[in-house]
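The structure under discussion is supplied below as structure tokens; questions concerning it will follow.
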Amino acid sequence: MNLAASFRGNFGVLSQCSSCCDLRFQPLLSSSSFAKSQRCRVRNLKFSRVPRFCRKREMFCRVTETETGPDSNNDEEEDKHESGEKPATTDSVEEKDSQIDLQPINVQQINNNDAETTAQGAVQEDDAIEVTSGSPLPGVKPQQLDESMRIPKETIDILKDQVFAFDTFFVTSQEPYEGGVLFKGNLRGQAARSYEKISTRMENKFGDEYKLFLLINPEDDKPVAVVVPKTTLQPETTAVPEWLAAGAFGLVTVFTLLLRNVPALQSNLLSTFDNLNLLSNGLPGAFVTALLLGVHELGHILVAKSTGVKLGVPFFVPSWQIGSFGAITRIKNIVPNREDLLKVAAAGPLAGFSLGFVLFLLGFILPPSDGIGVVVDASVFHESFLAGGVAKLLLGDVLKEGTPISVNPLVIWAWAGLLINAINSIPAGELDGGRISFAIWGRKASARFTSLSIGLLGLSSLFNDVAFYWVVLIFILQRGPIAPLSEEITDPDNKYVALGVLVLILGLLVCLPYPFPFNYDSINTDF
């Protein structure tokens, strides 16, 4: 057992006698005879049984500034006691007490030296200690770090004793973590304010050398602080420039958007290259869908700029079924908190849903430009709860089961845009919906939503090729985990939570089928 640690919290009553190898508690000094017996017991210890205690006593001797006499002085003192001489008077004891009170630094030095000894042992055993399971820094890949990238023990001591404090985060234990340190302890006050105080102190001490994370430990759901060198958080470089890869994906997406709006080519995809002139017929539909995609990404960009979040170049994902599955946009820096992540994640779907819903309504209100429009079976509106509900509300009895209906093609184009927004609002992985669920309910709940969503999409893929395509895409590219935020403990403001929940509900309404019949006459005739 660590001797200094056993006295932790009791330094106020710990005192020092004339010999650095003789420790006793201050209240016991009033009895000189008891002090004598205590010294005798200490001298009679068999040090062969307690070598660790000897090492601790030697350490105390080194750090004590009080000059002590040779061991012969103690022998002479004991000889005097044995010859019948009176022991030291109470006045002499009080004089020693006053000397001790004038040197409180000795006890502090003992504590600091003990902490340094513990830190040295931790550094020596660092290679043998395994990182705790359930990483609180998901998305940060383990790296082979040299000694220059690890946090020195002197820095760890400063972090523990001077940067963290009783008013912010009281450290109870520490563990090595990915070249940095994971501190466990008790969070004091509001997480956001504590994070700001700790970050300011750390910056004053070390500048821009280290990065602080205030997270929830997945092992016990308690707050932890993680400090890592910023050199370990450098983004990975790719062989192909980001803009070049994004441009290639964008060209393919333009082609699939045009192809999706030319029904004559969808029946035979191989004939597309022999009839490229027909792709021009898909320009109006491709333009509307691309407009909704652009508004969606513009919403992300504008809000990200206002919150200080840096976004990468969007990678548009092509799809021969609906033209595109939206875009994959990488967050390039560390997001400050869950509220900022919620703002950025919800902004794109809200912008896309808003414009898409307006265009969808206009499609029912405005007559087709050619007077014919697109003829579809009424049953197609059963594929979406939102589309079917709006169609039934606006068309009324015109919408009947098994009856073809002519609609403005704007309805179909806007519906495709709504579906793209809804797919991106699925609460899974690093999709917009996954980031929203993480920002509202935390990392553990987000992981459960991801597993549930992938499972449901897997079942749907047995009946729908779009679901199969999307579940593969999520599993390969977007399953996460979401990179750690600087401070993940503070919940977002309720108004932003409401907007995030609205996005999830709208996505659900677009994807769920409309279960009710459009006219009840068809049901009566069946019976």
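Backbone N, Cα and C atoms are what each Cβ position is placed from, and that goes for glycine too.
As the structure is a computational prediction, the values presented were derived from the model and not from experiment.
Just lifted these from TrEMBL, have a look:
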type	residues	note
DOMAIN	287-452	domain 'Peptidase M50'
REGION	65-111	region 'Disordered'
TRANSMEM	243-262	transmembrane segment
TRANSMEM	283-303	transmembrane segment
TRANSMEM	309-329	transmembrane segment
TRANSMEM	341-366	transmembrane segment
TRANSMEM	449-476	transmembrane segment
TRANSMEM	496-516	transmembrane segment
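Tell me about the surroundings of these features in the structure.
If you look at the transmembrane segment (283-303), the same-chain residues 6 or more away from its ends with a CB under 8 A from one of its CBs are 254, 257-258, 260-261, 311, 314, 316, 323-324, 326-327, 329, 343-345, 347-352, 355-356, 359, 409-410, 412-414, 416-418, 420-421, 424.
Nonlocal intrachain contacts for the transmembrane segment (309-329), taken as residues 6+ away from its ends with a CB within less than 8 angstroms of a stretch CB, comprise 242-243, 245-246, 249-250, 252-253, 255-257, 259-261, 266, 269, 285-286, 289, 293, 296-297, 300-301, 335, 340-341, 344, 416, 419-421, 423-424, 465-466, 469-470, 473, 477-478.
Remote same-chain residues near the transmembrane segment (341-366) are listed as 288, 291-293, 295-300, 302-304, 307, 309, 311, 331, 335, 387, 390-391, 394-395, 407-415, 417-418, 420-421, 424-425, 432-433, 435-436, 438-440, 482, 485, 492, 496-497, 499-500, 502-503, 506-507 (criterion: CB distance under 8 Å, separation of at least six residues from the stretch ends).
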Any residues 6+ beyond the ends of the transmembrane segment (449-476) with a Cβ under 8 Å from its own?
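Cβ under 8 Å, 6 or more out: 317, 319, 321-322, 325, 423, 426-429, 431, 433-434, 437, 441.
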